[in-house]
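According to TrEMBL, the protein has these features:
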- 8-226: domain 'HpcH/HpaI aldolase/citrate lyase' (DOMAIN)
- 69, 127: substrate binding site (BINDING)
- 127, 158: Mg(2+) binding site (BINDING)
Ligand SMILES: CC(C)(COP(=O)(O)OP(=O)(O)OC[C@H]1O[C@@H](n2cnc3c(N)ncnc32)[C@H](O)[C@@H]1OP(=O)(O)O)[C@@H](O)C(=O)NCCC(=O)NCCSC(=O)C[C@H](O)C(=O)O
Ligand SMILES: [Mg+2]
């Protein structure tokens, strides 16, 4: 089984912004995403590409997962982005506006051709109506023998643009699409991150959206500002109380007297072996987060 990689917080930054790339070495985000796509103006695309690749090569990001978001392959910059990124070998390349499994196959083929090491994974932006409709087909490409697909990232701004749905606090219009993508990701063992929250000054709204995303099952949230990291880390990480409860559930099934039982009562609640599996995962996540903190 692949070890758990905490992805509570994934901070985007325009790769044209040298100060942001530098600052990312000290920020407590689980992942940093150097953007070559929508956050970068057309006349700064080459500069952004060079700066992102140099930052990856120079390192200094510690245990943070380092990801570069390229421009789509059908844009004037996409092919050159992918060639350069393959050589720089970040932890992952994030592909925007993926609407079919073929796009991921094309990216995989190019990464191989350009000599990207196996450890460079592929993350896919799910942000078009077609991607939502074909989420299962796209996620299923994780089963291909040479697939590098590790994570979906929701692009809720592009989804709002393409569907004309409004980004309202409840996200009522988006919810069916978010859950369809989440189910597809889970069915094929792909991690999945929630979209960004644009209002930098609304901390309460941001926290509420993080909690909503966590309760839906997302692994973490994509972010746009350092001020959002602490809340995302807190909300998407297990609390000490949850860790203690998980430990109690795992321990109860380890007792010899429960060896032949499928269900027991813990603190007045029915607990089955599936709950012990969930509890074990939570403990593994807590341990991985603790290791990140020490790393
Ligand atoms: C939104 C911003 C342009 C605001 O920038 P700014 O006005 O400079 O913010 P501050 O003055 O509050 O910054 C304080 C310090 O923090 C650093 N900073 C700010 N943002 C970042 C960041 N994202 N990463 C790293 N460091 C950051 C500043 O440099 C200041 O540092 P210091 O010099 O020490 O004081 C800006 O936050 C920004 O550019 N955010 C990211 C925008 C982005 O990448 N957008 C693309 C991804 S979102 C998207 O496309 C999602 C998806 O595709 C969809 O469709 O939904
Ligand atoms: Mg987008």
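Cβ coordinates come from backbone N, Cα and C, glycine included.
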Contacting binding-site residues, sequence order - 69, 127, 158 vs ligand 2, Cβ under 6 Å: 127, 158
Helix, strand or coil at residue 158 (Mg(2+) binding site) [DSSP, three-state]: helix
Candidates near ligand 1 among the binding-site residues 69, 127, 158, judged by a Cβ under 6 angstroms: 127, 158
Collapsed DSSP category at residue 69 (substrate binding site): strand
